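Features reported for this protein in Swiss-Prot:
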type	residues	note
REGION	2-221	region 'Substrate-binding domain'
BINDING	Asp109, Asp217	GDP-alpha-D-mannose binding site
BINDING	Asp109, Asp217	Mg(2+) binding site
ACT_SITE	Lys161	active site
REGION	244-359	region 'Hexapeptide repeat domain'
Amino acid sequence: MKALILVGGFGTRLRPLTLSKPKPIVEFANKAMILHQIEALCKIGVNEVVLAVNYRPQLMSQYLEPYEKKLGIKISYSHETVPLGTAGPLALARDLLNDGEPFFVLNSDIICDFPFADLLAFHKSHGGEGTIMVTKVEEPSKYGVVVYKEENGQILKFVEKPQVYVGNKINAGVYIFNPTILDRIQPKPTSIEKEIFPAMAADSQLYCMQLEGFWMDVGQPKDFLSGMGLYLNSLKSKQPELLATGNGIIGPVLIDPSSVIEPGCLIGPNVTIGPNCVIQEGTRLVNTTVLEGTTIGKNSWIKSTIIGWNSSIGKWVRMENTSVLGEDVHVSDELYINGGKILPHKSITSSIPEPEIIM
């Protein structure tokens, strides 16, 4: 089987992290976002993944090359010279995808349990051309809502940001299609959600399966941190042995074994610490991601923050309110950062009391 992952654009919503790396290889819970998806696909027998890329494909290729051998999977690249939306990439990759079998399509920003085996079985059971996963949301008026027959999952229509309640299930960004869908799509900028799916629904060829468990589009910092908490809580119930325990840990917390946590720290809940980090004594971390090679000074207090690679945070620093530090950022002692977005290679010597982008 094959799968296409829509890697797409420039990752502007997750800047400044994506100024250093393409978004799919930014680490989410100490693993590149896209590896969460590729590993799940491998488990159900997918043997080739096609990445639809148009931004820094060489970095993606260099990063993922070792994983082809490690995971026993072929990773191919379909290069867009111009952005083709969410459907055009399928037509561009037609020759790679069309082998007579159903294939998966994923948005690269999605984190969930990826129940691909269940999705494949349901798709084969109804005989339609396509199946999309849907997830339940609390405020459907913010989304495009999927309206479908409860008894068999056949999709009737899509309603964009409904002001009157029509349902609470939305497109979760994970699909499986028969190759015949490729006859509907031209290699030009096309929206699969707004152009292709309504046509398939009108032909009674599109079905949906509800996703059980957590789901999040982690393409922007606030959702990245929320998704991290959901993911860690899922690990807590399914693979608790991967999580940190002991004095000073309020789980769930994920810490790379190469990192050093000095005495007197209080870490968690919902914290990930990447490789080769040092968290000095007396530091408090909550709802925070610390990426590889970072040092945090003594007695700092950090909440709802993403700290980029190889950064250094001084002593008695306070950061909060979805602050995001790019790669190689240096923060002096005794500063306050409130919602700051700091570009790579910056030295911060004064506080940022209000949300601000530091160029």
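Cβ from N, Cα, C; glycine included.
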| remark: Fewest C-beta neighbours within 10 angstroms among the binding-site residues Asp109, Asp217 belongs to Asp217
| task | Provide, as an integer number of angstrom, the distance between the C-alpha atoms of Asp109 (GDP-alpha-D-mannose binding site) and Lys161 (active site). | result | 21
| task | Compute the average pLDDT of the predicted model within the region 'Substrate-binding domain' (2-221). | result | 87
| query | What's the CA-CA gap between Lys161 (active site) and Asp217 (GDP-alpha-D-mannose binding site) in angstrom, rounded? | reply | 17
| field | Local backbone state of Asp217 (GDP-alpha-D-mannose binding site), from DSSP in three classes | value | strand
| task | Let me know how many other Cβ atoms fall within 10 Å of the Cβ of the residue listed as 'active site'. | result | 10
| note | For Lys161 (active site), the three-state DSSP class is coil
| field | Structural state census, the region 'Hexapeptide repeat domain' (244-359) (DSSP three-state) | value | 0 helix, 49 strand, 67 coil
